[in-house]
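Have a look at this one.
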2 protein chains.
Amino acid sequence: MVGGGQLARMTHEAGIPLGIRFKLLADTPQDSAAQVVSDVVIGDHRDLDTLRAFAQGCDVITFDHEHVPTAHLRALEADGIPVRPGPDALVHAQDKGRMRARLAELGIPAPRNRIVRDPADVAAFAAEGAAGEETDGTAADGNTPAGSGSGAGFPVVLKTVRGGYDGKGVWIVRSADDPTAAEPFKAGVDVLAEEKVDFARELAANVVRSPHGQAVAYPVVESIQVDGVCDTVIAPAPGLDPDAAVHAQELALRIAHELGVVGHLAVELFETRDGRVLVNELAMRPHNSGHWTQDGAVTSQFANHLRAVLDLPLGDPRSRAPWTVMANVLGGDYPDMYSAYLHCMARDPQLKIHMYGKTVKPGRKVGHVNIAGDDLPDLRERAAHAAGYLRGTITE
Amino acid sequence: MVGGGQLARMTHEAGIPLGIRFKLLADTPQDSAAQVVSDVVIGDHRDLDTLRAFAQGCDVITFDHEHVPTAHLRALEADGIPVRPGPDALVHAQDKGRMRARLAELGIPAPRNRIVRDPADVAAFAAEGAAGEETDGTAADGNTPAGSGSGAGFPVVLKTVRGGYDGKGVWIVRSADDPTAAEPFKAGVDVLAEEKVDFARELAANVVRSPHGQAVAYPVVESIQVDGVCDTVIAPAPGLDPDAAVHAQELALRIAHELGVVGHLAVELFETRDGRVLVNELAMRPHNSGHWTQDGAVTSQFANHLRAVLDLPLGDPRSRAPWTVMANVLGGDYPDMYSAYLHCMARDPQLKIHMYGKTVKPGRKVGHVNIAGDDLPDLRERAAHAAGYLRGTITE
């Protein structure tokens, strides 16, 4: 696995019972996954020679993140190393412009969007939305408008097509003279404009697909974001109409099939106030919206990602409990979380704590908690308490 | 953790989410745990200098096996390294004679037993049993007889007090002129004679205890042995009277307390045909009879062992499903289990496979499977099928 973050750490954990020999390419020996894996190579994933040397002896290469250049992935494939997901699929998780264009071709509902050239073009994009126009043939991607009632066309969401995550690389432009509109163009990469969807809530449909086309769909979850960062995930999404849940699962399975995804695919969705779903983002690796599966599903997303990339038969994705709640633990002002960690274990013996071995920095994801059971309000309170206590925002 | 076997492998797996930095002392880099742990020292656990060097930087030392000499453990403690379980407790899992003597002092029911000097003494021990005598004050340990109706006093079970496991170091003597009676005395260690209990079945009571005395008790399980090796574990033990289950849990908690155990304690029990329980063996580490907890309990034995030895609050030991069945996977005649592994995953997506990364040798424990659910006969069939298929004794 390329990338030493917490996703690799938890994938290694899931690979131990499968008997898998796990090799890691990490930036530093202090990386989250490098702390717990036996076979670690320290090197730069942007360097092709490093990747080639790392790939020696690997049956398959997979990823903790989307940052390996596409050309390098093609070079590894040309060397005969299976790369899963492959570059033709992964590019849709690396480049939001490519993703939008492809989903539009497939007729998959998404926020109105197009590539914009400069702040004036952002204002033009907003005006198109205000006029309620169908996106015309000259737009980069031709998505149908979501019709979410974005008023005078603002606010508009701008995203660099590459490099953003957790709210980074995203700007909200509130009017034609908002100076924020100039910011994204400074990065020198393409900028995607999207209508700001007035969604009811965010959902995620997680699926896993094998090279030979076997696929499983996890229950659709609700994802609650705070300041652009995932805060809480509830599995399954409360009150979601069963037909709508199946529709979202089918949408995710179709995307996985059409894009040729191998491994875990997270489809982040906006649920509109009239009950439709629009695709927000794609991730082709284990994803924060699937962390609940470690303690809430028969087979975790990490185990199924490994099973998929190794072309092993997939495991049962179903829930083991009526409800599972995941809450992210963000770093707070105090670097030593030990006493809080003791407190949370003592307060709630059913709490499942997952720490990433990372140095605490304010706002950094340093762990998460899962809790499964029957009583959703109770589970939400306990998960929120533990996450808040570990962060230091709750002191009791 | 000292010892590189599968117990250390699975303990490391359980420590990853806890954020624990795990250091391993293994015999070879090919050891089961050494394959998956980052921080591995290769060395001999019987060598004090090796142990001392290994212990540098450890907050606490714990064990995958019972083979570290007691004097070395005392030396580590004298160096200021916490050793958990400590040598005064662990000796009862290392030396069956010491264990029998201590349990007798505590009045805990056990098979009739005493240390024997030679084959003639074995015959004398059998005769004592045939006469139905109470063990007299001159016996090494003074256990009360189980009264299990062992006929003319034979068969007698002989065990070397140190070094046996999985049926090794155990002999059955069937009559006064059985030449087997001479075998155990060749090893040069004390030999313990025990009545061969005509038990109804074997149970195990697993508990975990912290340095500050917090303790949890797992559901009592049934353990089915084949040729002296654990074959299947059923959690909870089917048809066990609830009062008898609580009694067995209390017995295990009392032993943990009286012996000062820190960490996981497995108490292997014989259930007699009249419903009493007799203590067979003790193990002070994660134990085969607790492997079901990985997929069947809220907190696994491995996680709770770590929480105990680090004096962290313990996790909920309760079952997550009405039934969980564990079946050991033994090596068969074919070293390559890959196609069987594929078959088992494809046949049963709910099956949880745990492989140890060991070279396959006939009869060697190379993994286990767990399966949890509502329908016990169905779960037993599926676990037995998977274990048999992986071993090569079932081909469908």
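Positions of Cβ are set from backbone N, Cα and C atoms, glycine also.
The following feature annotations were taken from TrEMBL:
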BINDING   B:LYS96, B:LYS159, B:GLU194, B:GLU195, B:LYS196, B:VAL197, B:GLU202, B:ASN280, B:GLU281  ATP binding site
DOMAIN    B:100-310  domain 'ATP-grasp'
REGION    B:129-151  region 'Disordered'
Restricting to the record's ATP-binding residues (B:LYS96, B:LYS159, B:GLU194, B:GLU195, B:LYS196, B:VAL197, B:GLU202, B:ASN280, B:GLU281), give me the longest CA-CA distance in Å as a whole number.
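Of all Cα pairs among the recorded ATP binders, the widest measures 18 Å.
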Once near-sequence residues are set aside, which residues in the chain of B:GLU194 (ATP binding site), 6 or more away, have Cβ atoms under 8 Å from its Cβ?
B:PRO111, B:ARG112, B:ASN113, B:VAL156, B:VAL157, B:LEU158, B:LYS159
Let me know the model's mean pLDDT on the domain 'ATP-grasp' (B:100-310).
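Result for the domain 'ATP-grasp' (B:100-310): average pLDDT 89.
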Provide the three-state secondary structure of B:LYS96 (ATP binding site) computed with DSSP.
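Assignment for B:LYS96 (ATP binding site) reads helix.
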By Cβ count within 10 Å, point out the most packed of the binding-site residues listed: B:LYS96, B:LYS196.
B:LYS96
By a simple count of other Cβ atoms within 10 Å, which of B:GLU202, B:GLU281, the binding-site residues in the record, is least packed?
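Counting other Cβ atoms within 10 Å of each of the binding-site residues B:GLU202, B:GLU281 gives the minimum at B:GLU281.
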Can you see whether DSSP assigns B:LYS196 (ATP binding site) to helix, strand or coil?
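Note: B:LYS196 (ATP binding site) is coil by DSSP, not helix or strand.
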